[in-house]
Each structure stands twice: as structure tokens, then as C-alpha cells.
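The signal peptide annotation in Swiss-Prot covers 1-29 and is backed by similarity to another entry. Per Swiss-Prot, the feature sulfotyrosine maps to 37. For 46, 687, the entry in Swiss-Prot reads phosphoserine. The feature domain 'Inhibitor I9' is assigned by Swiss-Prot to 76-148, with sequence analysis given as support. Per Swiss-Prot, domain 'Peptidase S8' is recorded for 154-460, and the stated evidence type is sequence analysis. The active site, charge relay system annotation in Swiss-Prot covers 185, 225, 385. The disulfide bond annotation in Swiss-Prot covers 222-254, 322-357, 456-526, 476-525, 485-508, 533-600, 551-599, 561-587, 607-678, 625-677, 634-653. Annotated region 'C-terminal domain' per Swiss-Prot: 449-691, in sequence order, evidence recorded as similarity to another entry. The N-linked glycosylation site annotation in Swiss-Prot covers 532.
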């Protein structure tokens, strides 16, 4: 250990922070699309570790670490190679690192080599060697290991059952028997009568040592968290999917603590099992949370692309879920916790996480489930782990009915069948209320006939930041169509939004304005089979003319309007006018704005326009689509300069304006919400034929 101290270079903290901010790694973080919060992690990079010098002198790879210092595990690192590297390269790179370290008098312990999940390896080494490792060929980035934690601090079964189907006994549409659920948790008491014969405890185990030399490993303590969650998923009496089979992987120790690296190895174990013996629908339950981790999110993305459904706890820190992993991974279904009154769960001074990275909430307080104290004992537990277990069970029920559902289709159905607008949003911080979904998970009333529905969801971007040229970007899942794009700014200063192609996919971009506090981009993402969509743009016109963007191709219908403008005064004093025609085929905008029409062709697709305006400025104006129609586009028709933006909440278009009492405005001009509502006759007909 003395060698480590003698070789370390100490930098003055202000100079070190300046080097970090100016370094190329910071620029790379802004460009990376694996997670919007990566720059937060990079900003906290190695303040006192002497790593800034390494990142400035020839290192093409980047270094990442947990933003929460107490959770960091210095000395253990995940080295991730570039995607195009050969399968043999991880071992070769590890051996090269070991050889070069040995020449410098250091020993490196190779703990694990990743092949099937991502190319890379796990090593234990001195942090003095990070400069050397970052300069190795083929290395993409290195992440310091960090801790993850269990997230647990029969009203619940009644709550997830649709109201008109409730009876004295919980009766889901099916038992989820076609689905296999992997649980990454503590060990499990497989002999408990709730789960006996339903759980297979695998031989996998990768856990850190418990803290403290006097910790006594009682079986009941070591098994408690995993046993309870296994019972919530598939227990005979208290389970959601009573027929689902469950496989247990131990990644948390007896204190409910694990590491990012252990979780990665567990996920790779699942991927290997899937490759060796492909099974039907597969759900992975991740009832744990740690600080934001690029490598853990990347692993979840790889597994999701292989057809695995991942369900994760949002976290119990009463904080933005986007700051934690795996909750922040876009490919993961992230679940917050509510109580019996459908309100957010409070756990002492903490509580459920929230924000745009949460997909929905589920029962997570005083949940009765199997106890590891004895084979017939039950116990009540609370937390987002319990909430995630409910959604994993609901997913098993849905997948048993429709085994071919993709992740995007399953997520859309979970959102569609949830109870809506039942959570008191005042519990959340004010700036998070508009971003947090007001959805509580529920079983579908029937597992048949849902295919006729045109499913859409709203995806919010991360906040752009306050600089004049700042942009925000929202994107849909690969299987979804981006049917419209809108923007929102709490200050009202923005330069509109547009849809742009990036990397073969369309994304929604929103633009901040001078003096603004930042902007959000809001994408409307839909499942539209056999769709052919395109964007038609009308550039700024003459001073006395408006702009019109048309859907001129035969059979194409308008699904959304957007506009952006470069002149600051236009955004401040003359916002663009977006009004689809009587037949939704064109978008009309202000003469100084570029107006964009999203036009789509799909079998049986039909759309119409709904508009609702008020004669004087209001803080909020809404218009909703009728039952059977789905909102695809939402925009504002303003006659005032105080529009904050427009966004979709379920099938309702919401237009927000600044509080007139605070702006001093005396304008009497109307504000209108304009909705484009669509449906697919083709999907409805196909569903009826199947029935």
C-alpha cells in the first residue's frame, strides 16, 4: 500500500477541475446516447485521484465512476472494449495489461472476462494503473465498480385487478405459466410453502463480503429479501403470477448489498443460459439500485435487444430515478412504489424515486409475502423492489397470453392498462411533476383483443441546460414510430422543436432560447405496424405569409405538427401558429418559422383534428381524444407570447402558459390546445377476426 501512495501525483483541486472540464472526455460524454446523465458522472471524475493527467495525455478511452462517493469501490474496475473487437480480444487485452503492469512492479488480478453480454473484463488493480489501462488499444471506457442495494425498506392484489373484474378472490387472466422469471437478489428459502416447487436456486453466486467483522450470517436474514420477492412474483397465496417459474441468482449479500460487477456477471449468466438453452418469454427482475452506471445500463441494453424483458426498482431515495442504475436504462421497465391509497410510498425521510425515467408505479407498501423465518411464515415489506415484483408478475401474465410480444409492445400495454391520474402529484418536487407518469400498474381486463388498439406513449428528454444553443433530445424505442414532437420550457423561452434523422432513427429535438432556463423535448412514440412515415418541412416564408407543410403523398395522413425558428424575437413575441386543416393534411406556421408535418401511411390509419380554446389566457388548456382514438400529436395555437409548451398525457393534449398574474400580461387573446387523434381500422378488423 505504501507503493501506491508514493507514486500518486497530487494536483491542486481548482486546476484539476479545470482540466476535467476542458478535457476531451467531457466532450465525448455530451455525444454519448447511452444515457442522458452520463455527463453528471463524468463531471465528478477523479477529483483527487491524479487521473486528469491520464485523460489529457494520449488516452482515447474515458473513465467513469459513481456520482455517490460512499458507494464507490476503488481498486476494482470494469474494462469495456469497443464493440467491433474480436471475441478473443478481452483475454488478450487483459494479458497485455497484466504484463505491462508487472514491468512497473504491480500485480493485477483478473476476476472475470465478459464475452456474451459485452466485450470486456473485470480486474482488481491499483488505481495508479488507470492511465496505462486507458491508453490500451481497443479499450472504449473503464468504470470503477460500485455498490448496488436491495430496495425494500393483500390490498396489493386487489389494486392491480381491474375494478369491474374484482371479486372476493384474486383471479388473474392466467397464471403466467409460460414465462420464466430470473430474480437477481439475495439467496432464497426455496422450501417455503409459497414458492416450493416453483423456484430453482441456480448455482450462481457473486456477492461481496458483509460489512463488519461481527456480522452473523443467519439464514433467515440472508434469505429474507429474495424469499419475499419470489413470493410476490409467483407465490401460491400472495403471488401475482402464480404459475410462473422462477430462477434465483444471488448477487446481494446478507446485508442486501452487492456490486455493479456482480450484477453484470449475473446478467451475463442469464445471457449464456439463453444461448445454450433458448426458452420462451424471459423476464429479469432487478430489485436493486446503485448510482448511475454506464456499463450496467449498456449491459441491460444488450440483454433487452436479445429479447429479454427487464423490470427494475426505481429506488428508495426520494430522488430522480435517472440518477440511478439500472433504473435509468431506457430499455428497462422502471417501477416506482405507491401505497393502498395510490399515493407515493414514503419510507422515513426517503421514499420512492420519481421522474421521467420511471415508466409506472405499482403497489409497494406493506406488501404481504413469504418470510424466511420459517417455511410457513409471512411478513410485510415495503419498497420499490416490491413494486417491481408486481410488474414482473403482470408482465408474466401478459406474456403467457401473447408470448410473441416485443419489449416495446409489452411496455405500451403496461402503460395503457394502468390506472391513470390517481397519484397526488403534490408529493413530487415541483419540477418533477410534469415528468413523472401518473400511472399505477394493473392487469388487463382481458388478455385477448388488445391488439386492435393504437398504442402510444410520451417520452421526455433530459433537461437541455440554460445555454442559448442548448438542445434536448427525446427518442423512441427501435420498434416504435415517432409520430410527433413538441417542446416545453418552464421559462417560456424556447425556439421550438423539430424531428431529425440521426443514426438511421428519427429523434425529437427541442431548442433553448437566449435567456431561457432550458428546454425539454417530448416525443410521442407509437406502435404502428407496417407504417411508412416521413417529415415534410416548409421553410420560413415572406413577412406577410405563413408557412404550410403538407402531406402531399397519396394515402398519407398527418399525425403531428412542429416548428422551430432561429430569430430570438420570434420565439419571444410571435410564437408559431400550428393549425392542421379541416382534413389533417397540413401544418400552418408563422412566416418566420420552419414548419414540419409528420405524415404517415399505414393500413387503415385515419386521423382527425380536435381543438379546444379559451377566450382569455389560461395557465392550462386541454383537449382529449374520444374513446377508441389515440392521441398522436399535440400542439399549441397561441395568441400570446407566454406559452410554455405542449405535451401529451395519455390521450389528452395539454398546453401550459405562464401565470398571467406574474407576467403582468393584459392580453385577451385565446390559447388553444390542438390534438391529432388517430386510430387503425386495420388493427381493429384483424383483432375481430382473431376473436
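For all residues, glycine too, the Cβ spot is worked out from N, Cα and C.
Sequence features, as recorded in Swiss-Prot, placed on the structure.
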| residue | record | CB count, 10 Å |
| --- | --- | --- |
| 185 | active site, charge relay system | 29 |
| 222 | disulfide bond | 23 |
| 225 | active site, charge relay system | 28 |
| 322 | disulfide bond | 23 |
| 476 | disulfide bond | 23 |
| 508 | disulfide bond | 29 |
| 526 | disulfide bond | 26 |
| 532 | N-linked glycosylation site | 13 |
| 587 | disulfide bond | 33 |
| 634 | disulfide bond | 30 |
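Within the same chain, residues at least 6 positions away in sequence whose Cβ sits under 8 Å from that of residue 525 (disulfide bond) are 456, 457, 458, 459, 476, 477, 480, 481, 482, 483.
The Cβ of 254 has fewer other Cβ atoms within 10 Å than any other of the disulfide-bonded residues 254, 485. Using a 10 Å Cα-Cα cut-off from residue 587 (disulfide bond), the recorded positions that qualify among 357, 532, 551, 607, 634, 653 are 551.
Nearest neighbour of residue 653 (disulfide bond) by Cα distance, taken over the disulfide-bonded residues 222, 254, 677: 677. The most densely surrounded of the disulfide-bonded residues 533, 678, judged by C-beta neighbours within 10 angstroms, is 678. Taking the Cβ of residue 677 (disulfide bond) as centre and 10 Å as the limit, one finds 24 other Cβ atoms among all the protein chains shown. Most buried of the disulfide-bonded residues 456, 607, 625, judged by other Cβ atoms within 10 Å, is 456. The CA atom of residue 551 (disulfide bond) is located 12 Å away from the CA atom of residue 532 (N-linked glycosylation site).
Put simply, 385 is the one of the active-site residues 185, 225, 385 whose Cα lies nearest to the Cα of residue 357 (disulfide bond). Secondary structure at residue 357 (disulfide bond), taken from DSSP and collapsed to helix, strand or coil, is coil.
Take the disulfide-bonded residues 357, 551, 561, 653: by the count of other Cβ atoms within 10 Å of each Cβ, the lowest one is 551. Across the fold, the C-alpha of residue 185 (active site, charge relay system) and the C-alpha of residue 600 (disulfide bond) stand 45 Å from each other. The Cβ of residue 599 (disulfide bond) has 26 other Cβ atoms within 10 Å, all protein chains considered. The Cβ of residue 385 (active site, charge relay system) lies under 8 Å from the Cβ of 150, 151, 152, 225, 229, 287, 288, 313, 364, each of these being in the same chain and 6 or more residues away along the sequence.
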